[in-house]
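These notes concern the structure reproduced below.
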């Protein structure tokens, strides 16, 4: 049975690629959705007067920030996304990476309560699939001091590799990695790293390329697609030229 991991940015499902999910699920694929929610977290922190800062694209997470992150990720964003998928007819079940725990992490030095995934436990997801549900996973992991904030792209890549997924789909707000306003059709992990280190890929694209490269090195092809385009997800899974595909060198022959 085909396994697909889909990473989405936040809670909106209307009018975009996630509207393809009912067909994917009814076609027999085992789908796991991993979500972010950085914008929602920033808005909530601002409203509470909690300062925030970033280092190399990762949010520095102190105890107060983690408390709010759990509230936003495992609470509002996770449940809104699950409800949106339920409205489409997808039997979604919202969980956190700390449940099970699905994601075990080690602390990232200098970033407080930010974790790097070191182990994935798939039993909870297997149980949900066995019951006919689609897991929706919030980007939190369990570490030596309890819960940790985890970059959602990295979490999705680690989950895809652990599950032996057929593909990792990273949804964003552009049509892939763009060069001269056109998506680069295919990259190797080494090429991803060069785009990131050279600064050509910056902002939110850099962590997606790093995550895609990590998945590809683990044997899972990854594709960066526009989550705002209806049909993009189905087209990617059908083998169409959609977005930017990242695979190991030698896999493009």
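Count begins at 1; order follows the chain as displayed.
Cβ atoms are placed via backbone N, Cα and C, with glycine included.
Around residue 7 (site 'Transition state stabilizer'), the same-chain residues six or more apart in sequence whose CB sits under 8 Å from its CB are 33, 34, 35, 36, 152, 153, 155, 156, 168, 169, 170, 171, 211, listed in sequence order. Residue 7 (site 'Transition state stabilizer') falls within a strand segment according to DSSP. As annotated by Swiss-Prot, site 'Transition state stabilizer' applies to 7 (among others).
In the three-state DSSP scheme, residue 38 (substrate binding site) falls into the helix class. Marked as substrate binding site by Swiss-Prot: 37, 38, 59, 149.
Its own atom aside, the Cβ of residue 208 (site 'Transition state stabilizer') has 28 Cβ atoms within 10 angstroms in the protein chains shown. DSSP classifies residue 208 (site 'Transition state stabilizer') as helix under the three-state reduction. Summarising the annotation, Swiss-Prot assigns site 'Transition state stabilizer' to 208 (among others).
Sorted by the number of other CB atoms within 10 A, the binding-site residues 37, 38 start with 38, the lowest. The number of other CB atoms found within 10 A of the CB of residue 59 (substrate binding site), across every protein chain shown, is 21.
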